[in-house]
Amino acid sequence: MNPYILSALLMALGLGTTITFASSHWLLAWMGLEINTLAILPLMAQHHHPRAVEAATKYFLTQAAAAATLLFASTTNAWITGQWDISQMSHPFPLTLAVVALALKIGLAPVHSWLPEVLQGLDLTTGLILSTWQKLAPFALLFQLQTPQTATPLLLMGLLSTLVGGWGGLNQTQLRKILAYSSIAHLGWMTLVLQFAPTLTILTLLVYLVMTSSVFLVFKANKATTINQLALSWSKTPVITATAPLVLLSLGGLPPLTGFMPKWLIMHELTKQDLMLLTTLAALSALLSLYFYLRLSYSMALTVPPNNLPSTTSWRFTTLQMTLPIAILSTAALALLPLTPGVAALLTP
C-alpha cells in the first residue's frame, strides 16, 4: 500500500477514536465509530485475497448493523427524553439497545460469532489493530453507559463471554482464531467488573492491550499462522522462543506473571459484591483458556518438527521487523505483577 494512503488511514483511525472519546453527543460518538470502521476496511482488503475480502465484507456488515442499532437507540432516547447526551440515557429500552449494539461492535457473546471469522481472514498486523485499537472507542461508550439498569445485561454477557472464549478456543489450530476467542474471554472479564469498578476495567484493558500486542508481534516475527508452524520458531528466533511461552501463559492469567494481576483484582471485587457463583464460573473459564495457551506454549518450546535432512536448522534471514517493541511489550507482559499492591491502592476510592 502507498505510504501516504496508509498514513491517511492510520490518522483516520486515530481521529475516529479521538472523536468518540471526546464526544458527549450521540451523533458525534456515532460519527467517530463510523470513521473508525471505514478507515480499517481498506487495511483489511489491501491484499486482495478472497479470504481477506470476505473478512472485510463480514466486518462491514456487522459494524453497519451495530452502528444502525446504536443510531436507532440514540434517536429513540432523544425522542423519549428530549436530549442527546450520552451520560443522560435513562430509559431502559434505548439503554439496553445501545449496550447490545456496543457489544456487537466489540464482539461480546452472544453476538461474538463474527470476530473469529473476520480475524482469520486478516494478516497479523491488521488483526492486531482490530484486536486492540478498535476496542477502545466502544469501551469508552460502555464506560459512560453503565448504570444500575445495565448491571444484569452486562453481567450476563460478561459471564457468557468468558465461557464462550474458553470453550471456543479448545479445538482450534489456527492462531488467529485462538487469539479471537482469547479476545472474547478477556472482554468478558472486563465487562464483569465494569459495573462495580470502572477503573479496574480500564486497567484490565491496558494489560490486555500490552499482552495481545506482544503475542501478535511474536507470531508476526515467526510468520506463524497455525500451531504446527510454531514448532519452527526455535531455529528462527531462539530468544523469542524462550520468552513467548511465558507471554502466552501471562495472557492466560497464570501467576506470577502480569496477566494474573487483573484477574486477581477482578475476582476480589466480585467477591466483595457477594457474587460467589459468578466468580467461581469466571475462574473455571480461565482454566479453559489456560489450556489452549499451554498448547501453544508446548508447541512452541517443547516440540521439534520431523526432519529427514542432515541439518535441522532452517535459514535465518534478517528480519525487517523492529525488535524493540517486542522486547518492551514482552517485559511488560511478564514482570508487572509486583506492582499489584500499588495498583490496588490507586483503585481503592
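Even glycines carry a Cβ here, placed using N, Cα and C.
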Which range of 18-34, 239-255 is transmembrane segment, per TrEMBL: 239-255
Interface-richest range of 60-80, 92-115, 202-219 toward the transmembrane segment (151-171), CB pairs under 8 Å: 92-115
Chain residues outside the transmembrane segment (60-80) and at least six past its termini with a C-beta under 8 angstroms from it: 26-27, 30, 33-34, 37, 41, 89, 91, 93-95, 97-98, 100-102, 104-105, 114, 118
Top partner of the transmembrane segment (275-294) among 92-115, 178-196, 202-219, 326-347 - counted as Cβ pairs under 8 Å: 178-196
